[in-house]
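Remarks on the structure that follows.
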Amino acid sequence: MLKLKFCIVISFLILGSACSAIPSSGPSAKKVVSLGQQSEAQIPEVELIDVNHAVAQSLYKAQVNQSFTQFGDGYASTGTLNIGDVLDIMIWEAPPAVLFGGGLSSMGSGSAQQTKLPEQLVTARGTVSVPFVGDISVVGKTPGQVQEIIKGRLKKMANQPQVMVRLVQNNAANVSVIRAGNSVRMPLTAAGERVLDAVAAVGGSTANVQDTNVQLTRGNVVRTVALEDLVANPRQNILLRRGDVVTMITNPYTFTSMGAVGRTQEIGFSARGLSLSEAIGRMGGLQDRRSDARGVFVFRYTPLVELPAERQDKWIAQGYGSEAEIPTVYRVNMADAHSLFSMQRFPVKNKDVLYVSNAPLAEVQKFLSFVFSPVTSGANSINNLTN
């Protein structure tokens, strides 16, 4: 009888503190959901969104919209000259040479006198200067058209002049290609350079193809596509335009798994993307004895413009700008069979946190184990001492 009373006293002492002392790998599903139900005085606020087919499809479409085909095609260079281009001008004059008999860079070429002018930079006014001819407007003209203009003006002064004009440095129609350790300005030619030509111009990627993104900036619009998709889909390999910026990004993507899963870890995935169902598979799935299938959450910062319109209005009314990133929790109920379809469309993003809460019954079992294990151990010790 004395032993029983002693055990009961110990049980109640432990019970008083056990609720807050039970170890846990994270918050319960109820606590996570309460984040989206805070009063206005509680900051920062959190957007809580239940994942269904409509939500997953909206996020999937936003990801698919990252496509170079939206830019429309570029165009092959027409070979016309523009401000900043550098020209090489050669002039031949039949004997007897009247204008170019000597000086500058002259040499005999058979019976004709050849003169090479210093390289000519197309000025901000769009002109180049030629001796005895003066300033010539060249912007929008091809080298062939420019040489005919020079030849025509020299005919009245030189003896049977012949002219050749070459574009030696294309500074006006080019594309900037940026990669870690190697960046170039690639001139556009009449051949029509494409995105993969820009990738090749810097020697390709320094990382694995699956870990590389290609970002194209045209004006104020930026789109990013996985290099793997760019190679596999010729429609993405569009013609480039003057002023485009092609950037190669080689940082691999990662997400973090936490809670009632195999183990807490950071998991990498390719730039091509990953669905939520694939992510859960990579982290070893949910633990049968611990996890709450109704408490699967994705934590991320979501750009305001990606939220549903009615939710955007709520945040804008609170003073958030269009560039703001909103702390967002997406809740998935894996106990609902329909969620298995939604998860195949729900895209995981870089730096996401996937958290699986403990099931309520698992918490009860943990509590009972926490309470009665020391009591049982204590009772056994008393029995041993009594004996």
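Backbone N, Cα and C define each Cβ position, glycine as well.
Swiss-Prot lists CYS19 with the feature S-diacylglycerol cysteine, giving sequence analysis as the kind of evidence.
Residues annotated as N-palmitoyl cysteine in Swiss-Prot: CYS19.
What Swiss-Prot lists as signal peptide is 1-18.
The annotation topological domain 'Periplasmic' is assigned in Swiss-Prot to 19-29 (among others) on the grounds of sequence analysis. The average per-residue pLDDT of the prediction over the topological domain 'Periplasmic' (19-29) is 50, rounded to a whole number.
Residues annotated as topological domain 'Extracellular' in Swiss-Prot: 40-53 (among others).
Within the chain carrying the topological domain 'Periplasmic' (64-79), a Cβ under 8 angstroms from the stretch's Cβ atoms is held by residues 142-143, 167, 173, 188-192, 194-195, 216, 218, 221, 223-225, 230, 235-242, 244, all 6 or more beyond its ends. Here Swiss-Prot flags 64-79 (among others) as topological domain 'Periplasmic', drawing on sequence analysis.
Positions annotated as topological domain 'Extracellular' by Swiss-Prot: 90-113 (among others).
Residues 82-83, 87, 89, 99, 104, 117, 137-139, 146, 150 of the same chain lie 6+ residues outside the topological domain 'Periplasmic' (124-131) yet bring a C-beta within less than 8 angstroms of a C-beta in it. If you look up Swiss-Prot, you'll see 124-131 (among others) marked as topological domain 'Periplasmic'.
Look at Swiss-Prot and you will find 168-174 (among others) tagged as topological domain 'Extracellular'.
Summarising the annotation, Swiss-Prot assigns topological domain 'Periplasmic' to 185-387 (among others).
According to Swiss-Prot, the transmembrane segment annotation covers 30-39 (among others), on the basis of sequence analysis.
Annotated transmembrane segment per Swiss-Prot: 54-63 (among others), in sequence order, evidence recorded as sequence analysis.
Through the fold, the transmembrane segment (80-89) approaches residues 116-117, 119-124, 126, 128, 130, 138-143, 146-147, 150, 163-173 of its own chain, all at least 6 residues removed from its boundaries and within a Cβ separation under 8 Å. Feature annotation from Swiss-Prot assigns transmembrane segment to 80-89 (among others); the stated evidence is sequence analysis.
Here Swiss-Prot flags 114-123 (among others) as transmembrane segment.
Beyond the transmembrane segment (132-141), the same-chain residues lying 6 or more positions past its ends with a Cβ under 8 Å from any Cβ of the stretch are 80-83, 87, 99, 122, 125-126, 149-150, 153-154, 157-158. Per Swiss-Prot, transmembrane segment is recorded for 132-141 (among others).
Annotation source Swiss-Prot lists transmembrane segment at 145-154 (among others).
Cβ atoms under 8 Å from those of the transmembrane segment (54-63) belong to residues 273, 306, 308, 330, 342-343, 345-347 of the same chain, restricted to positions at least 6 beyond its ends.
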